Amino acid sequence: MEVICKHYTPLDIASQAIRTCWQSFEYSDDGGCKDRDLIHRVGNIFRHSSTLEHLYYNFEIKGLSRGALQELSRHRIASLSVKSSRYTLRELKEVESFLPLNETNLERAKEFLVFVDDEKVNEMSVLALENLRVLLSEHNIKNDLAKYAMPESYKTHLAYSINARSLQNLLTLRSSNKALKEMQDLAKALFDALPYEHQYLFEDCLKH
């Protein structure tokens, strides 16, 4: 999985929004320590979390499984643009069979699938991938129908935009050891992709 922060709102946008409430612009230090502390104090300590919604982050996420994508989409205050399965399935039409299930073919399948820490689950995912390949290349099934046979482990690619308040909620829930392991990895990757000067707003959200 690869996560890149493509764009983000400067911190001073949030601090200026907060200062609008009290008309305290003269105390601003133009995004310096005073303003950073103000955002944390008002948004995190005093729990006026709506002020954090002025901060927005735009991520590119590569290699997330379709199963994890479903869980990510449950975080409603966010925008997703996902690689179409029509174009995804074009990639599979011309590849060779993934059988037999040997080391070479399992390694080839990793281009398309997210593997987990269970050999049998991974083998079943590759068999599902092979069935999908057969539908496309040997039976000429249209992509719109063939996608119903896509395994949940199939990798996807998306643009993901979310505000700081919603991102805090996501990191809090998905960094827990009760969350799906792939979602734990995603939460860590999203945090790591944030600009360093923004990470202090989210450090308390991480469960481990």
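Note that Cβ sites are derived from N, Cα and C of the backbone, with glycine treated the same way.
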_Quick check on the annotation: Swiss-Prot has Arg74, His75, Arg76, Asn163, Ala164, Arg165, Asn169 binding FAD, so which of Ser50, Ser97, Ser153 does it put in that site too?_
Ser50
*Let me know which member of Arg47, Arg108, Arg174 Swiss-Prot also records as binding dUMP at the site of Glu71, Leu72, Ser73, Arg74, Ser84, Ser85, Arg86, Lys147.*
Arg174
*asked:* Is it possible to list how many residues within the motif 'ThyX motif' (74-84) are helical, extended or coil according to DSSP?
replied: 0 helix, 5 strand, 6 coil
*asked:* Can you tell me which parts of the same chain pack against the motif 'ThyX motif' (74-84), counting only residues 6+ beyond its ends and a CB-CB cutoff under 8 A?
replied: 156-163, 165-166, 169-170
_I need the most crowded of these binding-site residues: Ser50, Ser73, His75. Count other C-beta atoms within 10 angstroms of each C-beta and give me the top one._
His75
